[in-house]
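So the structure is just underneath, and the comments pick up after that.
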Amino acid sequence: MESNNVEEVTDKFGGCLSLDTEKMGKYDRYRQKGKEAALNGELPRALELFQLAYQLQPSEKLKKRIQAIQDLIQREDEEDEEEEEEFVNVNNSGLKLYKGLYDKLYDHQKEGVAFLYSLYRDGRKGGILADDMGLGKTIQVISFLSGMYDAELANHTLLVMPTSLIKNWVREFAKWTPGMRVKEFHGSSKTERNRNLERIQRKGGVIITTYQMLINNYEQLGSNGHREFKWDYVILDEAHKIKTSSTKTAKSAHAIPAKNRVLLTGTPVQNNLREMWALFDFACQGSLLGTSKTFKTEYENPITRAREKDATPGEKALGLRISQNLTDIIKPYFLRRTKADVQQKKLKLEEGFEEEEDQENKCPNAREGVEMPSLTRKNDLIVWTYLSSVQEDIYNKFISLDQIKELLTTTRSPLAELTVLKKLCDHPRLLSQRAVIQLGLERGSDSELVHSDESESAVSQIDNISDHTLIEESGKLQFVVSLMECLREEGHRTLIFSQSRKMLDIMERVLRNRNFRLLRLDGTVTQLAEREKRISLFQTDKRYTIFLLTTQVGGVGITLTGANRVVIFDPSWNPATDAQAVDRAYRIGQTENVIIYRLITCGTVEEKIYRRQVFKDSLIRQTTGDKKNPFRYFSKQELRELFKLEDTRSSSTQQQLQAMHAQSRRSDTSLDHHIARLHSMEMFGISDHDLMFTKEPAADEDDPEDAESHHYIQTRVQKAQELMQAESELHGQLLDSMAQNTEPAWLRQMGQPNSSIRDRPAPPRIKNEPVTVDLTHNSFDEPEFEEDEQNLPSAEDAEMETASEDVEVIGDEDLGDKVISSEVEVVGEEVEVVAEEVEDAGEVEVVSEEVEGVGVEVEDVGVEVEDAGVEVEDAGVEVEDAGVEVEDAGEVEVVSGEGQVQPKSPQSGGEWNLQIVKTEVSPIAEKFADVITLDDTSDEADSSDFNTESKQQNSSQRFQSPSLQFPKLDDLSGASNTLGNEEVEPEKCHSQVLSSPLSQHEATTDEPFKAEMEMPHGNFNLLLEDSADMYFPEDEEVHEVEESAAEESPEFQLQMDVSGERLEEPSINHDKQNNGEFVNYNDSEVSKRESLLKIRSTPNESVDDSFVHSVRTKKRQVISDTEEEEEEEEESEKPCLTSSPFIDAISRLGSSTPKAVLVDGARLRRSLNASVASRRSFVVSLLENESDEESNEDKTKSSGASETCADELVEEVQTSSGDNSKSYETSEANGTLADELVEEEGEYREGKNTSDKVSESNETHSEEFAEEEKPSGDKSESYEISEASETHTDNSEEEIIGDHTGSYKISESSEADESVVEEEEPSGETLNTEESEMGEEEESAELIAGQEQEEWHSAVLESTGDVELDSNETMDQCAPKTVPVETHVLPVSSTNTAAEASDNKYNLLVLSGKQSLAEGRKQEALDFFLKAIDINTGDPEIQLLIIQLYRQLSQ
């Protein structure tokens, strides 16, 4: 009877189980499909599926999700009705702009937005918005981006600007487009920078960075992971920073791939027309103005000559026609409006006149909307001051020196001498202390004279000098003091600009002693917050009457309309520099009339500088269209007389200008009284700078004299335009070809983990004559010389000129059929580099870009690369025509244990993307080198040691059929027993590392590299300098030669094959297609992140030739910043305290650029039709943040529900192990929907990366979970699920990091605390996700202890903004291995309450921390206590311990 009952109960129970299983399966399917539909924007379908799932198994979480979707659908319906009313077509250009934003724009700003859109609409690659300072270029760009993002015509924008403008741009974005995702790539926190960049590249938005950041990190900004990342828009503010194409700034900007480029500058031409050519060459990517040389010959020279006063009529006529032709060419790409233009247009509209020009972008409803405020009057006065008697005496002595006489007879630059003269005109104490003592201005002993620093200014020694003496020694200072007294009486506030900080020191002391309240801003104020504070204080507190600024810092991008008087203490060679300074006060928002005082000393070099300014200004006005034919004031001959001191009590320039313009001055009674008072001060006279070029030249002055001259001019203009057009087309074709067939050098190199060593390898020696490749082209550190020294090509042009590279073979005999033999012996093991024959052999391009922040050249390091066979004269090198031509880089696959490289696909045609094998150069120089060795296996017998031979002969050589093979090691002395058919055990490798003495780091210099290479026509060996940003200083502590030790084992081959299959799947990359254009080069079966075989040369050390092989986990490093390497090393030795409640505040305090709060996603706009400029978008952003916080609290509170969470975790893992669907990006939508949908994002990433490999958690949460997670294969792969923080937001994501042995970690990065784990976690420590916390009670201490050894070998590596690795890829370990210390883990009984689980975990962490502290491991103890304090924040004992540990570690 009992048996029957048992059977009956069993049957019923089995039936229930089967029903429950079927029901749960349907529930899972509905829920999963609902999430997919929601992420694809199919909200009604998602709602239906979620409702079906809710009927099967109701839950509060699902109910919230359904409610959120219903709210979104309702809002979408509401906005559909209002959509037509909310967006306006900007000036009928086709761009729809949010109405609330459109109505706030002035008419000229609407035209600017229409112009920017016309560039995109008409297929132009870029353009220049060159509006005068103060007309709102910032709001025009923000409005344009708002329309482009709303229309989903752009997703990714890179904004580059000077550091001082970042806060202003962030403020404007928050004001005008609160829903747009704007992040900063700036500040001291590399982690935050990386995270922000990765987020913008992945989700879309605007990333703001500075020019210095661009120089240091152009590689990272131009790539995402291993692929080139092409920005939709690259926008440069204050774009005259790239006016010289040979500078690092310009070259770095050229290196950023972009579909469209927009430049913003109020001064497109500052000194000469080549600067304008450089801007257009960048903006239009070389497709508009041809080459620099042609532009100079055909356009710049005729135009410049025509501006001189003594030009012949023919020259004037030619220059005028050429200038008009140039204006017509650039007109579609160039928009410039001055304040005067805007004011005149406004007056014409009021009077009923219509503007004829720019009909395309003209505002059709110009009289509607916001009215442009009237700008106040500006009087720009030149005040001609006297030299003091002391200044005049020193000036005469200096120009009579033999040094000056000799200078005038040579072609040497007189810049240094002119700088001395300029200082003399300002104040004699700006000279060096030594000069001041010699000139008798200050008493000093002979010993002081001998030991005084030549570069030290005498300003630092003015403490004992009276104010009266300081004022009497400078004529300008006498006038300034009198002027400030006058302006204080009249109630005006003043900006004083000087190019010299030391001059500001003198003025600050004198004025403060006269009871002036003043502020100061110069280059010593490095913190942005402090700069903003001072600017805001002056704008709001009228008690401060004077603001002292340096022209370089205070003259760009800031608004200081609180002042209505501006003093330019010393004129600049560049007229635009002074104009920028003036416009800090004279701009939109200024309500009072402005007076400018430019102080110039009579008869000195300053007068010559001013005349030169006027000449440059005429070029600017003519070329930019401000004036077709400006008046000619001076000739070039007059500009050369710089070292002549004329009458210091009068000025011929002032008299000339006064006679021409005195009657035209715009004035009133108060200004007349003020000028009369100025004449009573110590100065010669006044001229009107703002009236320059108001006089028109004679109407027939520039007409050609006869028909023949007219015909010549026409022919010359036509020829110039045709030549420039042909060059532009050729350059465009070359760009297209390079885009298809090449990739940036760092993309090939980034995938290779590298380490550095302390020792410097001996330069390789060769027996035969080496082939020398000239790699001096495209240098980042050395000037590029052409026929004209100022005609410097851009970096982009340099990369294009493949034909200019030449290969020189040095030798006394034909090397056509010979083999250049060389040896590569790496600690006793022979490395063979063999290559398969390539049918279509051609050209190999090898590019090694230098990190700009390092700036060390190969010559500086002292590496004799010439002896290696290749001359490398700088770090930014490019090898072209070197022998093998690769038109379409093929794919490479490791298909055998021998490691041979074979073409992956037949359509690749046997073409190759050559890998670079890295060798290491001395850390004394702290630089690195690439060694590319090619050889032919048929001539291995010819290999021999390198010997130095004299270079005798140069001849060009080419080769056609090189071969390439991955280096392999036949035997590893430290791990030979692991080869063959056995699997490499990481424990053995680590024991090798731990047991190896320091002598193993040292190898002999007597064993150089062995390599072989043969080509039909020549042989070469390249030693290239590599970028230093991909190495870590801490690697110097442990020198490990990493090599794929298991490549001959079946397991190794199996892993490679599996990874290849994964790579072929379309879902392998989690990046969405609409998140930017990714150009994926070399989708190799061998992943680029695969730890490629390294050949380490470690000479100058002991003769221990043993190999050390280990699996190393290393953080990927793409950023190269300006911090010292010592700081990086110190930082790397300290684990990031990610779980500390204080770390977020610390990181924010340490960063000068805190993150923006308001973010919004592209999907939100698609689903809601909400503009990023709308108020609703702003509210949605706030709601998202609130819901995220609530959701985080709920997750923390519900973490005790072990059964529910365990079920969900099992469900998530099942999804991840079986699902290969494409990854998705979460839209930052309203309510809890975004949070809950994003919770599942990690599933897709995990499923995508692992595919058939399912993970086995080292913290088994339940028996079911452990069973379901068994791998599909026979291999045992250990995983560790860790969590960077208990707090999560909607952007948390999972990534998988693997090593050679299949040991992986799954780590989850938290966005909430904005911190990451950069180093290995303390050994034995285990971190859980929320779901896994429930199962912690069921795990046994024995299981944890058994897995500690495996945990030790795979470090917990958190996301630092880099793209996740694929399943077969590895990273090198940064820090030296330490012997793991077992952590005592207390077994805890099974319980269902969250409180008990938290208490158990808390006690466990406290006990582990105290144990570590007792054993002297303070850092590990601190980590444990920080995690404990996150659980129980009120324990005073732990708080005290944390504070004590922080103090001890900081010391």
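Each Cβ is built from the backbone N, Cα and C atoms, and glycine gets one as well.
Keep in mind that what you see is a predicted model, and the values were worked out from it rather than measured.
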Here are some residues: SER413, SER961, SER996. Which is flagged as phosphoserine in Swiss-Prot?
SER961
Feature region 'Disordered' in Swiss-Prot, mapped to one of the ranges 235-254, 455-474, 1035-1054:
1035-1054
Matching range for Swiss-Prot feature annotation, region 'Disordered', among 292-318, 346-372, 616-642, 778-804:
778-804
What kind of secondary structure is GLY136 (ATP binding site) part of, going by DSSP in three states?
coil
For ASP131 (ATP binding site): DSSP state (helix, strand, coil):
coil
For the binding-site residues listed here, ASP131, ASP132, which shows the highest count of neighbouring CB atoms within 10 A?
ASP131
Near GLY134 (ATP binding site), how many other Cβ atoms are within 10 Å of its Cβ?
20
Overall pLDDT for the repeat 'TPR 1' (27-60), taken as the rounded mean:
86
Considering the binding-site residues MET133, LEU135, which residue's Cβ sits among the greatest number of other Cβ atoms within 10 Å?
LEU135
I'd like the Cβ neighbour count for GLY136 (ATP binding site), meaning other Cβ atoms within 10 Å of its Cβ, all protein chains included.
19
Which residue counts does DSSP yield for the repeat 'TPR 1' (27-60) in the helix, strand and coil classes, in that order?
28 helix, 0 strand, 6 coil
So, by DSSP, how many helix, strand and coil residues make up the repeat 'TPR 2' (1402-1435)?
27 helix, 0 strand, 7 coil
Summarise the motif 'DEAH box' (237-240) by DSSP state, stating how many residues are helix, strand and coil.
2 helix, 1 strand, 1 coil
What is the total of other Cβ atoms whose distance to the Cβ of THR138 (ATP binding site) is within 10 Å?
19
